Structure formats: structure tokens, C-alpha cells
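Visitor: I have a structure here, written as C-alpha cells, and I will follow up with some questions on it.
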Number of protein chains: 2
Amino acid sequence: MPTPATPDPTRRNDAVRRAILAAALDQVGEVGYAKLTIERIAKTAGVGKQTIYRWWPSKGALFFDAFLDLAGDGEAAALPDTGDLAADLTLVLTATVAELNDERLDRAMRALHTEIVLDQTLAADYATRLDNPMRELKKARLRAAQDAGQLAADVDLEVAVDLIWGPILNRWLHRTAPLTSEYAEQVVDTALRGLQPRPTSGPDR
Amino acid sequence: MPTPATPDPTRRNDAVRRAILAAALDQVGEVGYAKLTIERIAKTAGVGKQTIYRWWPSKGALFFDAFLDLAGDGEAAALPDTGDLAADLTLVLTATVAELNDERLDRAMRALHTEIVLDQTLAADYATRLDNPMRELKKARLRAAQDAGQLAADVDLEVAVDLIWGPILNRWLHRTAPLTSEYAEQVVDTALRGLQPRPTSGPDR
């Protein structure tokens with residue numbers, strides 16, 4: 001048991017860890033991911049390279065933790081459920097659009113994204129630690145809507161998640177057009193109502 | 001005007017160019033994109049590094065051309081129009097799924113994709129030379145369906161394209177689940193009919 005005079009190694013480690021993660025995010029904005037070296041991150045954080053390699057096997061793994069740190073808490077929360085599915089989804093997607101339009105987050109997410117696409121080990125880690133938990137929260141909200149009769153009973157929830165969130169991710173990745181809250185609204189509306197003509201005699205939505 | 005005895009420099013250049021593009025695709029399968037050097041591609045193609053740098057400013061630009069060469073002709077064709085939108089889209093998406101499940105094309109496309117996500121110049125080039133022309137062909141097919149009353153008149157065709165093609169791209173990129181032709185069918189069906197419950201008294205689809 002440490003005496004009161006002993007510095008707390010856990011707390012000191014945590015401070016160093018946070019300094020490294022912050023340095024990684026700052027520097028990716030300066031030089032871009034490809035040219036960013038562990039050496040540069042170490043120098044910015046005021047630590048030795050060995051300190052970084054002790055905790056992270058690669059630049060990709062470091063960025064993965066930096067990203068979890070940056071976006072993790074907000075993302076892990078359950079989706080809002082006011083009873084109005086379209087309004088709730090629009091709120092969530094609009095927040096996502098705002099995040100993706102934030103330059104610092106944009107660069108960090110592009111860096112992480114490309115690592116995930118190329119590195120199967122990191123992709124598995126990403127799926128386990130971030131994507132799957134978020135996907136379960138999205139599906140939980142859609143399941144509640146299904147129970148409330150706002151979503152067709154025979155809709156596959158995996159496909160539903162892909163249809164609602166996929167277009168936002170793609171437009172961001174490929175910069176095909178500006179990523180706006182109006183687009184988020186259109187995606188939600190179109191995903192819910194479908195592309196086919198609505199029967200004019202059917203019930204109002 | 002060249003005499004019959006003069007070797008045709010255009011044809012020779014073209015053969016060398018094709019050898020380099022083939023070497024790039026072969027070698028990305030061997031060592032992955034990150035570790036692949038221009039030197040290795042040059043050696044495989046049996047040319048000097050300078051020959052490659054004379055034509056392509058970067059590894060990304062070289063892969064871009066390799067990819068255009070590999071997939072270009074097939075992709076640039078108009079979408080089928082049998083009058084049955086769902087069947088035509090399912091056919092097209094099933095073909096895309098098969099391509100993405102081809103290991104050689106998968107690796108080349110991942111390499112290209114990550115370059116595009118990180119490099120704005122290449123992204124603009126990709127949009128101009130490949131993505132926009134393909135997007136116009138997709139929109140042309142959807143516009144025909146709109147004229148035939150199979151697609152709602154007020155649907156934004158950009159959103160429609162994103163909703164139909166986005167989920168396939170995402171599942172491939174993130175390997176969230178197997179990319180199958182059944183999934184392609186589900187995406188088409190859900191995008192066309194929407195996630196909301198269908199009125200039981202409405203017309204059959």
C-alpha cells in the first residue's frame with residue numbers, strides 16, 4: 001500500500017497518456033496522418049518514443065485510443081426516444097453531421113477510418129469496442145419504434161441501420177456534396193418512407 | 001510519318017504502361033498498400049523507377065489509373081433497364097457485391113479508397129473521372145423509373161443513389177457482416193419500400 005508521500009503512479013500515467021493522445025490529435029491536424037511520426041507525437045507530448053511504444057504497438061492503435069477518448073462518451077449514450085422516430089433520428093444525424101464538419105474530428109476520423117479499412121486486426125478491435133456497441137444502441141431505438149408500430153415488423157434492423165447511417169458516412173468520406181443538416185433530414189425521411197410512390201389513398205404519415 | 005521499319009513508340013509505351021499497372025495490382029496483393037514501394041512495382045514490371053515517375057506523380061495516382069484500367073470499362077456502361085427497377089438494381093448491386101468479394105479487386109479498391117479519403121486532390125480527380133460519371137448513369141436509370149411512375153416524383157435522386165449504393169459500400173469497408181447477394185436484395189427492397197409499415201389496404205408493390 002503506498003504511503004501518502006509516494007506519488008500516485010496511476011494518476012501520473014493517466015496524465016502522460018492524455019498528453020500523448022492530445023498530441024496525436026493536434027499533430028494529425030498539422031501534418032496529416034501519413035506524414036505524422038511517433039517521434040513527432042512524442043516530442044509534442046514531451047515524452048520519449050519508448051513511452052509511446054510501451055502502450056501502443058502502432059500509430060493506428062494510438063489513434064484508435066485517441067478517437068475513443070475524443071468521441072467515446074458522447075457516442076456511447078442511448079439514442080433519444082421521444083416517441084417520434086423521425087425527429088429523434090434527425091436529431092442524432094444532425095449531431096453527427098456537426099461532428100464530421102468539425103475539422104479536428106474530421107482529420108482524426110479520416111486517419112482512423114483509413115487504418116480500419118486497411119488493417120483487419122484494427123477493424124476487429126474497432127468493431128468490438130466502438131462499432132458494435134453503437135450499432136446495438138441504434139438497433140435498440142429502432143426496435144422500440146418497431147414495437148410502437150412506427151417501423152415495419154419485417155424490416156431487418158441491420159439493413160435499417162445501414163440505410164439510415166450509411167449515406168451520411170459516404171457523403172462525408174467521398175465529399176460528394178456538402179454534408180448539411182438538410183441532407184440528414186432528407187436521408188431520414190427517405191429511409192423511412194422509401195423511394196417508391198406513396199399510395200395517395202393511404203394513411204398520412 | 002514513321003517508316004514501316006520504325007518501332008511504334010505509342011504501342012511500346014502502352015505495353016510498358018500496362019505492365020506497370022498490372023505490377024501495381026499484383027504487388028498490392030502481396031505486401032499491402034502501405035508497404036508497397038514504387039521500387040518494388042518497377043522491379044516487378046521490369047522498368048526503372050524513373051519510368052514510373054515520368055507518368056505518375058505518386059503511388060496514389062498510379063493506383064488510381066490501375067483501378068480505372070481494371071474496373072473502368074464495365075463500370076462506365078449504362079445501367080440495365082428492363083422496366084423492372086427492383087430487378088435491375090438487384091442485378092447491378094449483386095454484380096458489385098461479386099466484384100468487392102474478389103480478393104484482387106478488394107485490395108486495389110481499399111488502397112484507392114484510403115488514398116481518396118486522405119488526399120483531396122485525388123478525391124477531386126476521382127469524382128471527376130469515375131464517381132460523377134457513374135453517379136450520372138445511376139441517376140439516369142432512376143430518372144427513367146421516376147418517369148415510369150416507379151419512383152416517387154419528389155424523391156431527390158442524389159439521396160436515392162446514396163440510399164441504394166451507400167449500404168453496400170459501408171458493409172464492404174467496415175466488414176460489419178458478410179457482403180452477400182441476399183444483402184443486396186434486402187437493401188434494394190428496403191430502399192424502395194421504406195422502413196415504415198406499409199398500409200395493408202394499399203396497392204401491392
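Quick reminder: no glycine exception, Cβ is built from N, Cα and C everywhere.
Automated prediction, rather than curation, is the source of TrEMBL annotations.
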Visitor: According to TrEMBL, which stretch among B:37-56, B:177-196 corresponds to the feature DNA-binding region?
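Guide: It is B:37-56 that TrEMBL annotates as DNA-binding region.
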Visitor: Let's see if you can do this one: DSSP helix, strand and coil counts over the domain 'HTH tetR-type' (B:14-74), in that order.
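Guide: Secondary-structure composition of the domain 'HTH tetR-type' (B:14-74): 49 helix, 0 strand, 12 coil.
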Visitor: So what pLDDT does the domain 'HTH tetR-type' (B:14-74) average out to?
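Guide: 86, rounded to a whole number.
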